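Undergrad: One structure coming up, written as structure tokens, with questions to follow.
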Amino acid sequence: MSALWSPFESSFSQVLVLVLVLVLVLVWTLDLMRPGSVPVIHNRETELNQYLLENCPLLSEYIPPLWGRSGHVQTWVYSLIGRFGVPSPKGEEFVMHLSDGSTASFKLFSPSSLCSVCSSDLTLALCPGFCNHSEQRYVRSFVHEALRQGFRCATLNLLGALPTVPLTAPRVFSYGCTLEFGSMVQTLKSRFPQTQLVLVGFSLGGNIVCKYLGEDRTHQDRVLCGLSVCQGYSASRAQESLLCWTQGRRFYNFLLTCSFRRLLLRHRSEVLLFQGYSSLKEYYETESCEHYLHNISVPLLLVNSSDDPLVPPTLLHLAKSLSKPCVTFLLSSHGGHLGFFEGWIVPQSGSWIDRVLLQYIQALYRRSEVMQCGHVTQTETAHIPGHS
């Protein structure tokens, strides 16, 4: 009888070993053994920064899903799905004719009711990431939450990214060109003469926002603050990292290249090679925001995750070392590239990054208003949404 069972026992043992190996590979891939930790905040000790720490508890409260301890998995889920349960806010499309003959566009979203915390006008100007536009799910997620809190939002469509807007000049968006974003900001200032602005950039958009703020100090007029999420700060140093296989970055570089290639092929009859630079190195150096950050004097929140497969730790040294009283650098252990999902197994709608950015805006705006009145009280700060 035992002779009859021996083949089955052998097969069962092999299956058991295979399952065990698969479980170990899964644990290693998802980084489930990596201990969680609160985000690390780098800033100078100032009255403003102390106020923000006290009134923005989400700055130090991020718990990823069980599978979200891997930056790769968060990045893949963001890339393939975006956000979960995200509605499509209705907005008004605006077209801008630029000085070089280009035609850019942005979408304006207006809330059904104004922000209850803000007694005056506030507009959030968004610049999305690589090859992105106002219809991306992560953009819609942020806009939806901002509208729910009573903020007006405007989202730039990167030049050439939206198929419904044809090119009228031989160029598409670039890593550091601020012409389109600046035109949107000026349009918003003209259309809403009483509004203050919050400039928000995601990934490549973070570089554009920071470069725009720093390249001309007048760009900071009527700007409450700037927010940057998951950018790399230096294109030349990022290029070196993306050509290495560490953390699979060369594979991600291949995917980015394929995405940009599809965009260029869609406009192959209009676009030309970029001009005005003697070399690729000069282009990267000129277009990176790292050379403009020291000119920014409005409050600036820089957010990155240490497990971002597209932004290696070597690129974060600049943000960590910025010794400016207006700058806060927030580094989370988890989040990947624009992931920052929440939940246990099934992700919640929205994301932690949506909530933390909006809580920061609420707190900063509330403080600016009470400072104008000449006093700040515990009662006033307690009214900030999300404040515990």
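Keep in mind that glycine also has a Cβ here, set from the backbone N, Cα and C atoms.
For reference, TrEMBL lists these features for the protein:
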type: ACT_SITE; residues: Ser203; note: active site, charge relay system
type: ACT_SITE; residues: Asp308; note: active site, charge relay system
type: ACT_SITE; residues: His337; note: active site, charge relay system
type: DOMAIN; residues: 126-231; note: domain 'AB hydrolase-1'
type: DOMAIN; residues: 270-343; note: domain 'AB hydrolase-1'
type: TRANSMEM; residues: 12-30; note: transmembrane segment
Undergrad: Quick check for the class: what is the C-alpha distance, in angstrom and rounded, between His337 (active site, charge relay system) and Ser203 (active site, charge relay system)?
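TA: With the alpha carbons as reference points, the distance is 8 Å.
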Undergrad: With every protein chain in view, what's the tally of Cβ atoms within 10 Å of the Cβ of Asp308 (active site, charge relay system), excluding that atom itself?
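TA: Looking across every protein chain shown, the total is 28.
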Undergrad: Once near-sequence residues are set aside, which residues in the chain of Ser203 (active site, charge relay system), 6 or more away, have Cβ atoms under 8 Å from its Cβ?
TA: Pro128, Gly129, Phe130, Val229, Cys230, Gln231, Leu310, His337, Leu338
Undergrad: Over all shown protein chains, what is the count of other CB atoms within 10 A of the CB belonging to His337 (active site, charge relay system)?
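TA: The answer is 25 other Cβ atoms.
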